[in-house]
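This report refers to the structure that appears directly beneath it.
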Amino acid sequence: MDSLPSSLNSSKRLKEEFVSNLTGSSILEVAAVLTNVSILILLRHSVSSDRLIKDVSLKKSDDENLSSKDWRAYITTLAADFLVIVLPTILFLTVLSDWTYIWTISLMTLLFFICAAKGSCSHSPPFEPGVHSLKSVLSSYRFSVMIGTCLCIMAVDFRIFPRKYAKTETYGTSLMDLGVGSFVLVNSLVSRQARSVSSMSWKTAFQSTSPLIILGLVRLVSTASVDYQVHVSEYGVHWNFFFTLAAVSILTSIINVPPSYSGILGSLVLVGYWGMYLLGVQLGNYLFFGNHSSAMLRSNSWARVWIPMLLFWTTVLLDRYVEGVSRRMCNLPYVTMVLALNLQVLSVLTLSDYIPGSKTSILEQAFNRNLLGSFLLANVLTGLVNLSVDTLSASSVAALFILVLYASVLTIVVGIADFCCIRLKFW
């Protein structure tokens, strides 16, 4: 009777040790990985059109019955999105991770030739950048953060996933260190504060974030009840990702800071993730919701993203010689690194304005309409796999098969939910 618990505890200990005491990789390599994912999204846009997306969305909005032909076309397009975006991302995070820079150069070259070929064959006027373009870029950016996070939380427990991409212990930079910071930034860019919407009372704020608190409690109880492995140095014993998002949201709602001043205050306080959130509020207001003239939006939409990205990259380089990046302490170098890398993704995605083709994809729309639901599903699937498979003993072939299967299930379920107009919204 004692052998089973002992076996489970031994497996838990080994898995916790497998993701502990890591130092990460270089910021440049993390930037290259993110660039690869961004270019995959642009490549998918370049070989697709908006016709199917508009047709299906129009029929659903008119409450028309979608035929089997529409269903097949939707699934076919969803599969193409998976093959062009998700599958290569899995490979970049695993078996192709040693050739990251080579793939970055190759993908950039391929994108350049596709743009040149399509541009020379196109007789239509180029797309005029503007605020609507930036908002479509924001949707692609939110999708890239979500799909990258969903793939990493599953892959990190397999040996096929390089340790340099897993979360660092105290100081260092890695791909997974961006996770919680990117989520905080994603939320702040489109927050009520960034949109200059009147702030909520503390009671309303607590009610709106109660789902996150409940999810945090559910995760805490479920992990403890099944003796699931927990990296204690990440959040501590009783804290987790959902509690962090809820705490930042409540704090921001209680302390009402106008968007025009939130950046200054965020730079001064830097209390945990709240300072990052405030900086994101001002960026979101400036990039997407500010009261700028239409002429300014048309002429400066590209520069309005690239200039802040360059400024934050400069700060990152300066901070490297003052203090090391620490996700656990959420210090100034970590905040500037998260801002620089996320703005880099946004900057690369702004190139979609100059690429003939679609501005989005079926898969991007599906995830954007169910962001929290997608993340919850990914966590459930990850837990089920870890409880049923000895991930540390899995061969590279088996691990890759499981990751592809996991990503396929996630894609299909999220896609079907969107096709059936199912929205998992808590507030």
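The first residue you see is number 1, and the count goes up from there.
Cβ atoms are placed via backbone N, Cα and C, with glycine included.
Taken from TrEMBL, the feature transmembrane segment covers 21-43 (among others).
Tertiary neighbourhood of the transmembrane segment (71-93): same-chain residues 33, 36-37, 40-41, 43-44, 47-48, 52, 56, 100, 103, 147-148, 151-152, 155, 161-162, 165, 175, 361-364, 366, 400, 403-404, 407-408, 411-412, 415, 419, selected by CB-CB distance under 8 Å and a gap of 6+ residues from either end. Residues annotated as transmembrane segment in TrEMBL: 71-93 (among others).
Look at TrEMBL and you will find 100-119 (among others) tagged as transmembrane segment. Outside the transmembrane segment (100-119), and at least 6 residues removed from its termini, the chain residues within Cβ reach (under 8 Å) are 29, 32-33, 35-36, 39-40, 42-43, 46-47, 92, 351, 354-357.
Tertiary neighbourhood of the transmembrane segment (139-158): same-chain residues 15, 18-19, 34, 37-38, 41, 85-86, 89-90, 93-94, 165-167, 175-176, 179, 182-183, 186, 342, 345-346, 349, 352, 360, 363-365, 367-368, 371, 374-375, 378-379, 381-382, 385-386, 391-392, 394, 399, 402-403, 406-407, 410, selected by CB-CB distance under 8 Å and a gap of 6+ residues from either end. Under the heading transmembrane segment, TrEMBL lists 139-158 (among others).
Annotation source TrEMBL lists transmembrane segment at 237-258 (among others).
TrEMBL lists 264-289 (among others) with the feature transmembrane segment.
Annotation comment: TrEMBL describes 301-322 (among others) as transmembrane segment.
Residues annotated as transmembrane segment in TrEMBL: 334-355 (among others).
Per TrEMBL, the feature transmembrane segment maps to 367-385 (among others). Long-range contacts of the transmembrane segment (367-385) within the same chain: residues 139, 142-143, 146-147, 149-150, 153-154, 157, 215, 219, 222, 228, 391, 402, 406, 409-410, 413-414, 417-418, 422-426, each at least 6 residues beyond the stretch ends and with a Cβ under 8 Å from a Cβ of the stretch.
Beyond the ends of the transmembrane segment (397-422), by six or more residues, the same chain brings 56, 60, 66, 71, 74-75, 78, 81-82, 86-87, 90, 94-95, 150-151, 154-155, 158-161, 362-363, 365-367, 369-370, 373-374, 377-378, 381-382, 385, 389, 391 to within a C-beta distance below 8 angstroms of the stretch. Annotation source TrEMBL lists transmembrane segment at 397-422 (among others).
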Contacting positions for the transmembrane segment (334-355) when only residues 6+ beyond its ends and CB under 8 Å are counted: 27, 30-31, 34-35, 37-39, 41-42, 45-46, 111, 114-115, 118, 126-127, 129, 133-134, 136-138, 140-141, 144-145, 173, 177-178, 181-182, 185, 270, 275-276, 279-280, 283, 287, 301-302, 305-306, 308-309, 312-313, 315-316, 319, 325-327
